[in-house]
């Protein structure tokens with residue numbers, strides 16, 4: 001049986017959309033803007049790093065990062081992100097969302113700058129220091145996932161909560177675009193100031209000494225939006241749900257939200273104390289009671305995020321083939337180092353503009369209309385369909401006259417990842433767990449996703465290699481080929497459909513309804529259905 005809600009929480013649930021909602025979206029969203037910039041800008045400069053630090057005299061093609069170095073440079077931030085999601089998620093429940101929120105930004109600011117200052121006399125030393133700082137950059141980025149999602153969900157009203165939380169996540173799309181646009185500007189400026197011949201004409205002269213500044217400037221620029229947001233985050237009040245339900249301070253919660261909502265709210269400290277005495281609310285994380293109430297939900301959020309990120313991040317494998325096929329990136333030897341940065345940045349920006357960003361904002365528009373479950377199910381379904389449609393007739397798509405069709409199918413997979421599970425896996429864990437575990441459980445779910453990202457980004461990089469050892473990329477062992485890898489990804493997406501049935505629908509419900517925190521007794525089960533009943 002449900003009890004009467006605390007007035008301060010009810011006021012938040014029924015509040016009309018106000019300016020403070022948009023302020024919270026901007027403050028939290030700028031963190032995700034920075035996260036995406038920092039995580040994805042490395043892909044813009046890895047080719048340049050290969051030219052600068054791994055040039056081979058007399059080689060027909062420009063230098064490239066060795067496979068182990070490329071894996072480390074691209075993947076170390078994911079490792080840091082995973083660790084940060086677990087640590088800051090736990091800390092957000094222990095110390096409060098606000099106290100920890102500023103820490104993540106400071107780590108991101110310092111490590112963005114430090115990444116651009118990576119030093120050493122030998123290429124290995126430069127790459128080692130770059131990897132060190134990018135690990136800790138990822139650590140700060142990881143903290144932003146559970147904290148931003150939790151803060152936004154706890155501030156939002158129940159009618160438009162999904163749109164607000166997914167809008168924060170959608171800022172990633174703008175971060176990816178900003179990285180590409182900034183790289184275009186920087187590379188254009190350096191090309192105009194320091195023109196140089198193509199690699200085929202002058203191998204050594206094609207990489208100017210000033211190119212070493214280009215990648216450093218691009219990496220360090222990530223500190224700017226993070227630094228600009230720090231003051232605003234420090235002025236945000238603690239969320240009422242943490243203050244009331246975890247810190248047990250109804251007076252402070254009412255005072256904070258009275259200022260935010262600009263309404264008079266009664267503290268109700270006595271009612272809160274009565275709620276706190278109930279033994280049913282004393283169960284711990286991973287206790288028998290927790291597992292009976294939320295175990296399947298946690299399995300649902302972790303498994304779907306894990307499976308989604310395997311598919312989502314492995315799609316980057318095919319970008320180089322697609323960009324080359326449609327002429328966005330000419331052969332490396334036909335360009336100088338700075339021109340290559342420009343071409344890669346332009347391609348990434350176009351992909352973000354045409355498929356990534358629209359997908360995010362379709363989710364924002366429809367998540368509170370058709371629900372999280374429907375969007376996630378639809379996204380996984382279409383990702384499965386398009387992956388098999390690419391895989392089964394793969395030889396058909398390799399013919400030059402059919403490559404545009406391949407690009408369209410590929411873009412649609414990206415679109416339905418973002419208008420689908422890439423957004424919903426972020427939203428749902430912030431809505432369905434009790435306040436005292438909310439940040440931790442979101443961190444666990446997100447960390448599971450980053451584990452999937454590592455499998456997708458690196459496992460499939462090896463898996464997709466040609467079975468013929470003479471046709472593999474330099475330094476890689478034979479794999480199962482692109483076609484078979486696409487079939488595996490189709491199966492992964494299909495598993496995502498099945499595990500989605502473990503994830504409850506939270507559209508239109510309060511956080512306390514979803515978590516069972518408004519139930520009167522120990523035997524009351526959370527009645528949120530996994531599959532929505534129409």
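Placed from the backbone N, Cα and C atoms, the Cβ positions cover glycine too.
What Swiss-Prot annotates here:
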MOD_RES   524  phosphoserine
MOD_RES   528  phosphoserine
REGION    512-534  region 'Disordered'
TOPO_DOM  1-24  topological domain 'Cytoplasmic'
TOPO_DOM  46-70  topological domain 'Extracellular'
TOPO_DOM  92-99  topological domain 'Cytoplasmic'
TOPO_DOM  121-131  topological domain 'Extracellular'
TOPO_DOM  153-161  topological domain 'Cytoplasmic'
TOPO_DOM  183-211  topological domain 'Extracellular'
TOPO_DOM  233-293  topological domain 'Cytoplasmic'
TOPO_DOM  315-349  topological domain 'Extracellular'
TOPO_DOM  394-403  topological domain 'Extracellular'
TOPO_DOM  425-442  topological domain 'Cytoplasmic'
TOPO_DOM  464-484  topological domain 'Extracellular'
TOPO_DOM  506-534  topological domain 'Cytoplasmic'
TRANSMEM  25-45  transmembrane segment
TRANSMEM  71-91  transmembrane segment
TRANSMEM  100-120  transmembrane segment
TRANSMEM  132-152  transmembrane segment
TRANSMEM  162-182  transmembrane segment
TRANSMEM  212-232  transmembrane segment
TRANSMEM  294-314  transmembrane segment
TRANSMEM  350-370  transmembrane segment
TRANSMEM  373-393  transmembrane segment
TRANSMEM  404-424  transmembrane segment
TRANSMEM  443-463  transmembrane segment
TRANSMEM  485-505  transmembrane segment
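For the topological domain 'Extracellular' (464-484), the number of residues in each DSSP class (helix H, G, I; strand E, B; coil) is 7 helix, 0 strand, 14 coil. In this chain, the transmembrane segment (100-120) touches the transmembrane segment (212-232); three or more CB pairs sit within less than 8 A of each other, excluding pairs fewer than 6 residues apart. Annotation: stretch 25-45 has the most Cβ pairs under 8 Å to the transmembrane segment (162-182), among 25-45, 71-91, 132-152, 294-314, 404-424. Mapped onto DSSP classes, the topological domain 'Extracellular' (183-211) shows 12 helix, 0 strand, 17 coil. For the topological domain 'Extracellular' (183-211), the list of distant contacts is 41, 44-45, 48, 51-52, 55, 57-59, 61-62, 217-218, 332-339, 341-342, 344-346, 349: same-chain residues at least six beyond its ends, Cβ to Cβ under 8 Å. Among the stretches 25-45, 100-120, 132-152, 294-314, 404-424, the one making the largest number of Cβ pairs under 8 Å with the transmembrane segment (71-91) is 132-152. Of the ranges 100-120, 132-152, 294-314, 350-370, the one with the most Cβ pairs under 8 Å to the transmembrane segment (404-424) is 350-370. Secondary structure of the topological domain 'Extracellular' (121-131), assigned with DSSP and counted as helix (H, G, I), strand (E, B) and coil, comes to 9 helix, 0 strand, 2 coil.
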